[in-house]
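**Q** The structure is given below, and queries will be raised subsequently.
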Amino acid sequence: MMQSVGVIQAYLQLNVLEDYSARDVGWITGMYTFLSLFLGIQIGPLMDRYGSRRLAPVAVVLTIPTFFLLGECTEYWHFMLCLGLLGGLGSAVASTVAIAVVGKLFVRYRGLAMGLALTGSSVGAVIFPLMLRSVLWQWSMRGLGFVITGMMVPGVGCLYPFPSLMGSMDAGVLAANTDSTASPAQPKRNAALNFTAFNSPPFSFVTGAFFMLEFVIFGVTGILPTLVTWAGFPVETGYNLIAIMNGFSFVGRLLPGAVGDRLGHLNVLLVMIVFTFATTGVTLLPFGARYIEALYAFSACWGLGSGSFLSLVPVCMGKTCEPKDYGRFYGTMNFVVSFAVLITVPIGGQLLESMGSTPLAGLYMAIVTLGGAGLFAARALLVGSWFDMRAKI
């Protein structure tokens, strides 16, 4: 649902909260995305300490009622409490647990595994705009509630073997590193909030880069439907563009991760940043607000590029920590990134109105470039050289 915040924002502004500005409505979706990431700094250590068996049911209990309640919301504060607060909390638990499980279990093929796991959000982000276009808001939310129930409940069951799998991995590591048959007791990990992950310079650079990339990703996703109506195109076109973007995001999450397992995840991510910069420069920057064909081309290329960002950055972050600490590091990174999504969604529409589409596209391209520079610095620190282009990292 995080990938469809622009559709939600546009629908609410046009059909339910007509008396509120784009900035005011943006604070609802902004709060949702903010809490989804901000709370990771505490949920990550809790995941490391208690595991998915305890946290995954919490995600189900918080997430499923959100959608059924959304169908009954009519006032601004209803949406803020239901989507912004309850939905944000449920999303924070669900996303942190899911990503941490993959990050802990997979090392050799982590890129492919992460890509496969994240394609689910792309599928949902394709279905949701199309449902909202053809079905009324109330029944769209109720339908999504039933769909999510049918997916999350079995998903919790799929996470049930996780503790035993992690135990087998830990036993294998102990057997490989000691001749003793004794298995020393492992100290319980601290679940308290802390920022020690920033003692790692590569982690700090990856986090800073992801801050910039997420600022642009959610900025574009949030303003694209607004840009469509602002440019005079039918509102249904915005739904189609979001669906196309997320459809290509499916490919962007899957293929670059698999290629990264062979050629290096940071290497592939840097290539995808260059690709995204170039395609944005020849579609949205010169033609976006005037030609619908350019918007369709941009949506496809942006979905491919941004999908790779979302799947590869967690993998690249995993190179800066041990698997046992993945939850804490991932949660800390999301905590920082949450401030980017908090401000980018509400101010995106205002920037579009004040700057216009071309200067705003230029601003986003500059921020993506800075994000690429941060990832290049992280790569140099991990490799130990600024100029070794052959390292598969």
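Note: Cβ is positioned from N, Cα and C throughout, glycine not excepted.
Residues or ranges marked as domain 'Major facilitator superfamily (MFS) profile' by TrEMBL: 1-392. Taken from TrEMBL, the feature transmembrane segment covers 25-43, 55-71, 77-100, 112-132, 144-162, 209-233, 268-289, 295-317, 329-349, 361-382.
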**Q** Run the contact check on the transmembrane segment (25-43) against the transmembrane segment (329-349): 3 or more C-beta pairs under 8 Å, excluding pairs closer than 6 in sequence.
**A** yes
**Q** Same chain only, please: residues at least 6 beyond the ends of the transmembrane segment (77-100) with a C-beta under 8 Å from a C-beta of the stretch. Say none if there are none.
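**A** Sequence-remote neighbours of the transmembrane segment (77-100) are 1-2, 8, 12, 16-17, 27-40, 43-44, 47-48, 52, 55-56, 58-59, 61-63, 65-66, 69-70, 114, 117, 152, 159, 314, 326-327, 330-331, 334.
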**Q** Please tell me whether the transmembrane segment (112-132) and the transmembrane segment (295-317) touch - that is, whether there are at least 3 C-beta pairs under 8 Å between them, with each pair 6 or more apart in sequence.
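**A** They do touch: at least three Cβ pairs between the two stretches lie under 8 Å.
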